[in-house]
């Protein structure tokens, strides 16, 4: 048992999916997993363990943003020995050729968060995904015929920005999309020597205003979960 997770030792699998929304964690468990048990309800941040294609997998809600996901990733690794962590969530496209419903696999994540500046004063640490997980997720997506993009994303500390100038400039440097957690996940995975990946679906485009319908969002979300689960069980 840790501060924010009430699971007993052995109740959490070595491979875990990390949606921000705890209700998405519940949906994933009920829709994709078998023999499901709920191991956490502290602060309503639901966590479940079950099996997928005969392999043990867990799903844990993390909340939104760098501080929240950092809490859960730290505890999952340090207290429960989790080895493979895959964030599953949505993002907003920045590049013109990135379309809604595309799947983005984050190779790395730049950020406006000060998280790493606290650890590396005066330096910019560049956290990266685990290549084995990335390759497995990419292969799983392309085998399903999905449009999968791999590249850099922006992990932002602010959802409602007063100006999009910096986001536009990052787009000029090839950043694909913006979200709010990947930098923290990849940094902590590097710190503790475990494997991490972010698999994201594009729910809207920051500059064109295009966005998915609720039905499209659910279909794409399901496809993303299958990609993440297929990668997780191969580790």
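Every residue number used here counts from 1 along the chain in the order it is shown.
Backbone N, Cα and C atoms are what each Cβ position is placed from, and that goes for glycine too.
The feature purine D-ribonucleoside binding site is assigned by Swiss-Prot to 4, 162, 179, 180, 181, 203, 204. Residues or ranges marked as phosphate binding site in Swiss-Prot (evidence: similarity to another entry): 20, 24, 43, 87, 88, 89, 90. Annotation comment: Swiss-Prot describes 204 as active site, proton donor. Annotation source Swiss-Prot lists site 'Important for catalytic activity' at 217, citing sequence analysis.
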Reduced DSSP assignment, residue 217 (site 'Important for catalytic activity'): helix
Around the Cβ of residue 90 (phosphate binding site), the count of other Cβ atoms that are within 10 Å: 22
From recorded positions 20, 24, 217, the one whose Cα lies nearest residue 181 (purine D-ribonucleoside binding site): 20
Per-residue Cβ crowding (10 Å cut-off), top of binding-site residues 20, 89: 89
Site of maximum Cβ density within 10 Å, from recorded positions 24, 87, 217: 87
Distance [Cα-Cα, Å, rounded] between residue 162 (purine D-ribonucleoside binding site) and residue 20 (phosphate binding site): 24
Those binding-site residues of 20, 24, 43, 90 having Cα within 10 angstroms of residue 4 (purine D-ribonucleoside binding site): 43
Same-chain residues at least 6 apart in sequence whose Cβ lies under 8 Å from residue 203 (purine D-ribonucleoside binding site): 90, 91, 92, 100, 211, 212, 217
Span of the phosphate site, taken as the largest CA to CA distance across 20, 24, 43, 87, 88, 89, 90 (Å, rounded to a whole number): 22
In the chain carrying residue 180 (purine D-ribonucleoside binding site), residues 6 or more apart in sequence that have Cβ under 8 angstroms from it: 20, 64, 65, 66, 155, 156, 157, 159
Cβ-Cβ distance under 8 Å to residue 204 (purine D-ribonucleoside binding site), same chain, at least six residues away: 92, 93, 100, 210, 211, 212
From binding-site residues 24, 43, 87, 88, 89, the one whose Cα lies nearest residue 179 (purine D-ribonucleoside binding site): 89
Other CB atoms within 10 A, centred on residue 179 (purine D-ribonucleoside binding site): 24
Fewest Cβ neighbours within 10 Å, where candidates are the binding-site residues 162, 181: 162
